[in-house]
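Going by TrEMBL, these are the annotated features:
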type	residues	note
DOMAIN	57-104	domain 'Homeobox'
REGION	1-30	region 'Disordered'
């Protein structure tokens, strides 16, 4: 059955999946998918299909808050060269007091 608000094109949707002999009780659920029910702001219950490997309990990475000066310098470097690598990246990160990952 289709539930409003779900995509028929998801990798685990009922329209695309083939019977899976490893699934319990003939549900034909691929072993790499997980279905969860969520209630939206209007109270409608929807089914969402997610990969089982997705770790929903892991805390999200905090977003970096750049200063105006850091943004200005990063934008200048991006205009000059879209890929800052190696020594340039290390030096720019040091000058801006950022990690090299944040200068990506």
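Even glycines carry a Cβ here, placed using N, Cα and C.
Note that TrEMBL annotation is computational and uncurated.
Since we're looking at a predicted model, the values are computed, not measured.
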Worksheet, complete the sentence: For the domain 'Homeobox' (57-104), the DSSP helix/strand/coil residue counts are 27 helix, 0 strand, 21 coil
Worksheet, complete the sentence: Rounded mean pLDDT within the domain 'Homeobox' (57-104) lands at 88
